[in-house]
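Swiss-Prot has this to say about the protein:
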type     : residues : note
ACT_SITE : Lys67    : active site, charge relay system
ACT_SITE : Ser142   : active site, charge relay system
ACT_SITE : Ser166   : active site, acyl-ester intermediate
Amino acid sequence: MERAVDIVEKLKGGEIKPAELVEECLEKIERLNPKINAFVTLNEKAIEEAKKADVSTPLAGLPIAIKDNVETRGIRTTYCSKFYENYVPEEDAVLVERLKKAGAVIIGKTNMPEFGLIAYTDNPMFGPTRNPWDLSRTVGGSSGGSAAAVAAGILPVASGNDGGGSIRIPASFCGLYGLKPSFGRVPCYPSLPIFIGLHSEGFLTRYVEDTALMLDLVKGWDIRDVKSLPDEEFSYLKAIEEHPDGVRIAFSPDLGYAIVDPEVEEKVREAAFKLEKFGEVEEVKLSLPNLEQELVTKVVLEVVTFIGDRMAEWEKVAFPPYLGFMALAQSLTFREYIKIEERKMELWKALRGIFEEYDYLITPTVACKPFEIGKLGPEEIAGKAITPIGWMPFTYPFNFTGQPAASIPAGFSKEGLPIGMQIVGKPYDDVGVLKVSKAFQDVSPWQDRYPEL
């Protein structure tokens, strides 16, 4: 699969036609989706829209997949929940609106866990999404369908969003690039009242340049999202042409609390020190507060509040593992919800010291390799018992702080499974994270390696 930036140039130059490209994508979906289960709804008008595409626009008819919790006018948007089984929005999300204005053709909607609540892509409506690198293993989540579609080579770009790791975890498990932009960088409207203050819109791509291209087209303030940030009046895509120089990078294998698969740790350590070409890399010992319980408390209470008096109805159709969350909600109080803000400040106080001394922080993206479908996660890592979400300890801290953070492929395990490295920037330094990512991509390319399907 070529870079989206190159495909766009071919579309503009007439070397390929948008309708031909869309037809090729649909053929791949027909052939590969029965194996990986990435798509849950297709846009029946995609070919018709591609024939009308304006090749003078920035995307010139490029096909893009949209995660099924991002609303698409006239295309079913289910949130992968029985509650929304037949919901067809009357307006586009801001993200989709901007993509269409830029000339994108929406090819369809991608699979995810119900309401995007967990980092494992499965639900009662559509079933699990399978990892193209090993069909017996998970893609993670919650942007799992999008990651599978791009990893399988169906198309170069798919949308995702990230409230606790939901772009970065699938990127790690599927061997892709996935940036969680700064909170507010891309307007988020409309959205469910879940992961409030944590949620960022973004993309899954094979190339850093393609993520930069897409963000150039969708970033910037919108009156419908009061927390959206003003646009930065420069191009990310042009900015990453220049490698960083003289940067100071801290590498932490565990943030001070994580239990990590030794193979994951070693691969990420090797990858991190490849960045010494662009500055100084130092392994550091951290002792950050772990906000795992705060994440669980926040999500559970927000979901219970959102479902409200339809709880009995939802319990009959919900993804079975969610029923445990509902039981947990009975023991939680909104006092605990409010105290999350205190813990966020504790976390940032600890991180502030790191980012006063270093420009970037590198960690593993996930503490383990992709695990088998049918499990919500491993029960232990390196022979040590972990909590139910102890396998994903590196991503959610930076949802609480709102910092930009990306997963980029660090290498592959002995079994041939992707392993991701997380690059975290200072608040609002999205362009810096993209620059470091592009620099790493240039010294450690991975894009020519594809799964066999």
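Placed from the backbone N, Cα and C atoms, the Cβ positions cover glycine too.
Sequence features, as recorded in Swiss-Prot, placed on the structure.
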residue: Lys67; record: active site, charge relay system; CB count, 10 Å: 32
residue: Ser142; record: active site, charge relay system; CB count, 10 Å: 35
residue: Ser166; record: active site, acyl-ester intermediate; CB count, 10 Å: 38
Remark   = Three-class DSSP assignment, Ser142 (active site, charge relay system), comes back as coil
Task = Between the Cα atoms of the residue listed as 'active site, acyl-ester intermediate' and Ser142 (active site, charge relay system), find the distance and write it as a whole number of Å.
result = 5
Note = Ser142 (active site, charge relay system) and Lys67 (active site, charge relay system), compared by Cα position, are separated in whole Å by 9
Query = Using DSSP, would you call Lys67 (active site, charge relay system) helix, strand or coil?
reply = strand
